[in-house]
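> Reproduced below are the annotations present in TrEMBL:
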ACT_SITE  Tyr174  active site, proton donor
ACT_SITE  Lys245  active site, proton acceptor
BINDING   Arg227, Asn482, Asn526  (S)-malate binding site
BINDING   Glu317, Asp318, Asp341  divalent metal cation binding site
DOMAIN    151-332  domain 'Malic enzyme N-terminal'
DOMAIN    342-595  domain 'Malic enzyme NAD-binding'
Amino acid sequence: MISLKAGSFLRKVSAPVVVALNSNGRGGERKFKALMESTLKEIREGASALDMDPKPNPGAGVEDVYGEDRATEDQPVTPWTTSVASGYSLLRDPHHNKGLAFTDKERDAHYVRGLLPPAVVTQELQEKKLMHNLRQYQVPLQRYMALMDLQERNQRLFYKLLIDNVEELLPVVYTPTVGEACQKYGSIFRRPQGLYISLKEKGKILEVLKNWPEKKIQVIVVTDGERILGLGDLGCQGMGIPVGKLALYTALGGVRPSSCLPVTIDVGTNNEELLKDEFYIGIRQKRATGQEYSELLHEFMCAVKQNYGEKVLIQFEDFANHNAFELLAKYRASHLVFNDDIQGTASVVLAGVVAALKLVGGTLAEHTFLFLGAGEAGTGIAELIALEMSKQTKAPIEETRKKIWLVDSKGLIVSSRMESLQHFKKPWAHEHEPLKTLLDAVKAIKPTVLIGSSGVGKTFTKEVVEAMASFNERPVIFALSNPTSQSECTAEQAYTWSKGRAIFASGSPFDPVECNGKVFVPGQANNAYIFPGFGLGLVISGAIRVHDDMLLAASEALAGQVTEDNFDKGLIYPPFCNIRKISAEIAANVASKAYELGLATRLPRPANLVKYAESCMYSPVYRNYR
């Protein structure tokens, strides 16, 4: 391994070394020895012109290996960080490649001269060209593949593109397109991204983690692929989800890409189509369960903590309900863990509900909530709403839960079903006669807020929406299931059937709708509002555990970003074009709560947490190389 200073030696004396080695006899040996001694002395004294400023980075104590946190400083650096290679290799290193943006001086200094066409262009022009090319694709999956290719070729340009065009590109790198990408992952697979840990690696997971080239990891997103969006068991092909989520951690939350690690735990799949697919990239067996599954996950959790320390955030993603709740309950006391499907969804929906109440009026406790779907998303949202209600009214959470009703595949969850209910549904079993359908539940409960998290499309029928509108002046309707095909109803249906009176939000994006001569802009209750800023807040505070109050803090911060102008347009979420500012506010609120709860380890506490969060954010602007 060659350090920056050793890199200086190779770059500055490679030609003299060749001369010395080619000299005949002892004179050549003496020249070579003298040259080596003088260069080693230079390295020891730290006189290299290429040596980077060793000041610590602000990113929660993790060494800024690539100088990413200081990308906007006018400080020329060397692109060689851990090894020295040819200019040809530099052009193929996504961390440092700038394509045609290499200046003439850089091309000479780093052996790139002649390996590129003579034109020198700006990063802005590269961005303009790529966006033009992306817009030529008619198929979203083609755009996804083009963006993934860019990420593997030029990392900074990829994130610059994503940050500057977030509203246009978010549906490509995230839901809904990422769902199709996962379904076809075996067919479109080109280069591996992230770590694949299968049953074959049992007993060797620590060794596998050490195979990952980056040693300073802050955020891990892990899935076992059993419940990818609303698409079901996609096995090993669920890797598209951790890759996409971590791209958003960087683009939206400013977490450095080198400190992010996507992981897929492959324990098999029960998807018969995939098992028969010759292009499937995972192990071909039925999904492991029980002790075999638990032991593999436990080994992974222990290995992560051993290899990366106490403060690495582990985000569970798209696990099936039974495993999602169990893993969160099992490890939340010993690891820094977060389940985006349970906690992230809950936080973003609570923020939307709090914002919607400014249009509808009343407090949380004055409203009645009905959920379609009682899985990890539905129960997670319900619990966080009950928690916030309890906080506001000082009433026990057992009381506030009674304002919230859930419908699952068997009908309304009521106390007479208690014995047959899964443990996470039992707190929501209230006294009421059994009701089989959602429409019956809507008519009987008369909710003011209807939330869909069922993963089943077209379940908010015309009759259901009309019933909501019949006893609510402004019915609040959230159709959260992803991707778009699984949404409980479309924005157009919600506005049309309610005669333009609904306050609507969805999980996947919908276009603006014109109804009764007015244009409505549907909100998107997208987890991407929450998890990037939430993760950044944990990182900058050095938090060691996630507390429910941190989720409430994130919701409050997001709801506080909705302006009067947004409300006038019917929006209950702020526009995504301001997402980095929103993420900084969320990060500051979460970090503040971590300090308040005594869970933060980064001391002393920064005086201005918002400015500190902004200063820690990764910038994709190209750096100047010496």
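Cβ atoms here come from the backbone N, Cα and C positions, even for glycine.
Note that this is a predicted model, so its numbers are computed, not measured.
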> Give me the count of other Cβ atoms within 10 A of the Cβ belonging to Asp341 (divalent metal cation binding site).
23
> Whole-number Å distance between the CA of Asn526 ((S)-malate binding site) and the CA of Tyr174 (active site, proton donor)?
10
> Give me the sequence-ordered set of same-chain residues, not including Glu317, Asp318, Asp341, with a C-beta within 8 angstroms of the centroid of the divalent metal cation site's C-beta atoms.
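Nearby residues not in the site list: Thr223, Arg227, Ile228, Ile241, Phe316, Phe319, Ala324, Asn339, Asp340.
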> Among the binding-site residues listed here, Glu317, Asp318, whose Cβ has the fewest other Cβ atoms inside 10 Å?
Asp318
> Give me the CA-CA distance between the residue listed as 'active site, proton acceptor' and Tyr174 (active site, proton donor), in Å, as a whole number.
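Here the two Cα atoms lie 7 Å apart.
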> Need one number: mean pLDDT over the domain 'Malic enzyme NAD-binding' (342-595).
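Here the mean pLDDT over the domain 'Malic enzyme NAD-binding' (342-595) amounts to 95.
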> Sort the recorded positions Tyr174, Arg227, Asn482 by C-alpha distance from Glu317 (divalent metal cation binding site) and give me just the closest.
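Smallest Cα separation from Glu317 (divalent metal cation binding site) among Tyr174, Arg227, Asn482: Arg227.
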> Would you mind listing, in sequence order, the residues at least six apart from Arg227 ((S)-malate binding site) in the same chain with a Cβ closer than 8 Å to its Cβ?
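Non-local contacts for Arg227 ((S)-malate binding site): Asp233, Asp318, Phe319, Ala320, Asn321, Ala324.
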> What is the separation, in Å, between the Cα atoms of Asn482 ((S)-malate binding site) and the residue listed as 'active site, proton donor'?
11
> Please list residues from the chain of the residue listed as 'active site, proton donor' whose Cβ is under 8 angstroms from its Cβ, counting only those at least six apart in sequence.
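The list for the residue listed as 'active site, proton donor' reads Gly244, Lys245, Leu248, Asn526, Ala528, given in order along the sequence.
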> Looking only at Arg227, Asn482, Asn526, which the record lists for (S)-malate, tell me the maximum pairwise CA distance in angstrom.
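Value for the max Cα separation, rounded to a whole number: 18 Å.
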